[in-house]
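A short worksheet on the structure shown next.
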Ligand SMILES: C[S@@+](CC[C@H](N)C(=O)[O-])C[C@H]1O[C@@H](n2cnc3c(N)ncnc32)[C@H](O)[C@@H]1O
């Protein structure tokens with residue numbers, strides 16, 4: 001068996017990553033090493049500091065550690081610690097974007113609210129070049145459509161290899177007009193999670209077998225066709241990032257916005273009070289907050305009904321639905 005010289009920094013990182021790390025290290029590495037050295041010792045470490053003191057003590061007695069064990073335990077402990085920190089919301093919301101155009105990220109998300117949040121480490125942006133997963137010398141990612149027809153199709157094997165290389169339990173979303181339309185409700189769920197991996201299509205899109213073989217959520221950003229999934233990914237990411245804790249600031253939670261309650265938002269006004277002969281509705285200048293709230297609610301309903309009958313219908317449907325799912329008559 002070969003032995004490696006342990007670096008104090010590595011082991012300190014390891015021990016402090018996880019409460020279990022110290023115990024596991026002692027059982028898997030320190031105990032056999034101590035035995036080999038023939039050193040008699042009491043070694044029950046319950047803190048990183050005590051653990052480090054023990055390591056120094058062992059080192060002074062010439063103990064070294066198996067080369068293959070230390071990196072493995074270190075990697076496992078780091079992964080365990082990363083997942084625990086993700087679950088505890090201590091790590092940045094992570095966006096990985098699989099694309100043929102990594103230079104498009106963070107793009108506009110590097111400015112304004114999202115850009116500041118990126119700088120503050122509230123989210124991370126990792127573009128991944130799809131072409132790096134091609135297997136031929138031409139680095140091909142696409143091929144002609146089975147059955148003929150125009151355009152090219154992204155290969156399932158190449159895209160799957162890219163996804164597998166970044167898989168860590170975050171949801172994987174593919175941008176495609178065939179997907180489920182993105183909603184504020186889904187955006188909220190995604191923003192509350194550890195982050196997303198987004199696949200950006202190009203050409204005619206993805207080989208369908210990809211969606212059979214991997215757990216991928218197909219997402220559309222609307223009933224129109226973009227030239228690639230990158231713009232859709234930017235839209236999706238922007239919608240999520242503004243909801244991350246601390247991004248919009250304490251003043252706004254975003255709860256009031258259109259779609260949050262199933263309705264469009266009420267209209268806004270600001271100074272000057274009279275502009276081109278048009279005045280701000282009197283109620284908004286009244287200072288009577290109950291009346292203002294009632295006016296806003298009413299306008300949200302009127303505008304949703306006239307501009308988005310589809311939303312209104314869904315809203316009304318949900319409103320008259322009893323908790324058991326049975327419809328009831330409105331009062
Ligand atoms: C030219 S489009 C492919 C359109 C596809 N052949 C179709 O008709 O459904 C190329 C890529 O742009 C992206 N894309 C285009 N429109 C989109 C939309 N409305 N929502 C999400 N992604 C879209 C997808 O990633 C898609 O694979």
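Cβ atoms here come from the backbone N, Cα and C positions, even for glycine.
Residues or ranges marked as S-adenosyl-L-methionine binding site by TrEMBL: 201, 221, 222, 223, 224, 225, 226. Annotation comment: TrEMBL describes 304-318 as compositional bias 'Basic and acidic residues'. The domain 'tRNA methyltransferase TRMD/TRM10-type' annotation in TrEMBL covers 96-313. Residues annotated as region 'Disordered' in TrEMBL: 304-331.
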For the compositional bias 'Basic and acidic residues' (304-318), give me same-chain residues lying six or more residues beyond its boundaries with a C-beta closer than 8 angstroms to one of its C-beta atoms, as numbers and ranges.
259, 261-264
Intrachain C-beta neighbours of residue 224 (S-adenosyl-L-methionine binding site), sequence separation six or more, cut-off 8 angstroms:
177
Return the count of C-beta atoms lying within 10 angstroms of the C-beta of residue 222 (S-adenosyl-L-methionine binding site), excluding that atom itself.
11
Mean pLDDT for the domain 'tRNA methyltransferase TRMD/TRM10-type' (96-313), as a whole number?
95
For the binding-site residues listed here (225, 226), tell me which residue's CB has the most neighbouring CB atoms inside 10 Å.
226
Within its own chain, what residues at least 6 apart in sequence put their Cβ under 8 Å from the Cβ of residue 221 (S-adenosyl-L-methionine binding site), listed in sequence order?
175, 181, 182, 232, 235, 236
Please check each of the binding-site residues 201, 221, 223 and report the ones with a CB atom less than 6 Å from an atom of ligand 1, ordered along the sequence.
201, 221
Mind checking how the compositional bias 'Basic and acidic residues' (304-318) divides into helix, strand and coil residues in DSSP?
14 helix, 0 strand, 1 coil
